[in-house]
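Now, the feature entries from Swiss-Prot:
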- ASN46: N-linked glycosylation site (CARBOHYD)
- ASN59: N-linked glycosylation site (CARBOHYD)
- ASN199: N-linked glycosylation site (CARBOHYD)
- ASN221: N-linked glycosylation site (CARBOHYD)
- 1-44: signal peptide (SIGNAL)
Amino acid sequence: MDWLMREKQEHTSPCWTRMTSPSSFCLLLLQALGIVALGHFTKAQNNTLIFTKGNTIRNCSCPVDIRDCDYSLANLICSCKSILPSAMEQTSYHGHLTIWFTDISTLGHVLKFTLVQDLKLSLCGSSTFPTKYLAICGLQRLRIHTKARHPSRGQSLLIHSRREGSSLYKGWQTCMFISFLDVALFNGDSSLKSYSIDNISSLASDFPDFSYFKTSPMPSNRSYVVTVIY
């Protein structure tokens, strides 16, 4: 009987003990292994995830989508590097971009008139925000996730499906499609909505409250499509 018990113990996984449940660490590890395996078999392009941790910003490349605001899982299976807020620059993302945030100032610092087509914004907290607009360039699809009490915690919006050709790869100044995002939508008081205005040629004069166009003037010899998301 003793040899039988010894053999049984030798073949028992270290994540388990007799008559007990698996530890939380083992569950997290098994979940991560499953996600990595899924990403391997689907051969999906890595997604970019940006979130704040303390006074730094974490920029991560992930094999698959990570559950909203699961920082432990993101650090476990994604390849991440820390960036100081002062080092953030205007940039472009050619794939999916997900941002987890807890305050609007950080979100504004990360976006900073970013050039991105497919964006997901997840509010990892219960803060409420006043009306304030952030500018995004080239946005085609927006997804949001909040922890609000409103039933519409997760919403999606298709802004447009028109392509800008090669302009996406020439820098944010060449952007033809500009979206203004009202951060009050994260309060979850209503469903996600938008409206667009075509053929706008003078952004600085038509939208004087946005400093983006004063510090970095947009070319005036072309027509823009402006979308307001609220």
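Here the Cβ of each residue, glycine as well, is placed from N, Cα and C on the backbone.
Positions of Swiss-Prot features highlighted on the structure.
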{"residue": "ASN46", "record": "N-linked glycosylation site", "Cβ within 10 Å": "15"}
{"residue": "ASN59", "record": "N-linked glycosylation site", "Cβ within 10 Å": "17"}
{"residue": "ASN199", "record": "N-linked glycosylation site", "Cβ within 10 Å": "8"}
{"residue": "ASN221", "record": "N-linked glycosylation site", "Cβ within 10 Å": "5"}
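Relative to ASN199 (N-linked glycosylation site), the glycosylation sites ASN46, ASN59, ASN221 all have Cα atoms farther than 10 Å away. For the pair ASN46 (N-linked glycosylation site) and ASN59 (N-linked glycosylation site), the Cα-Cα distance reads 13 Å. Here ASN59 (N-linked glycosylation site) is positioned 36 angstrom away from ASN221 (N-linked glycosylation site), judged by their C-alpha atoms.
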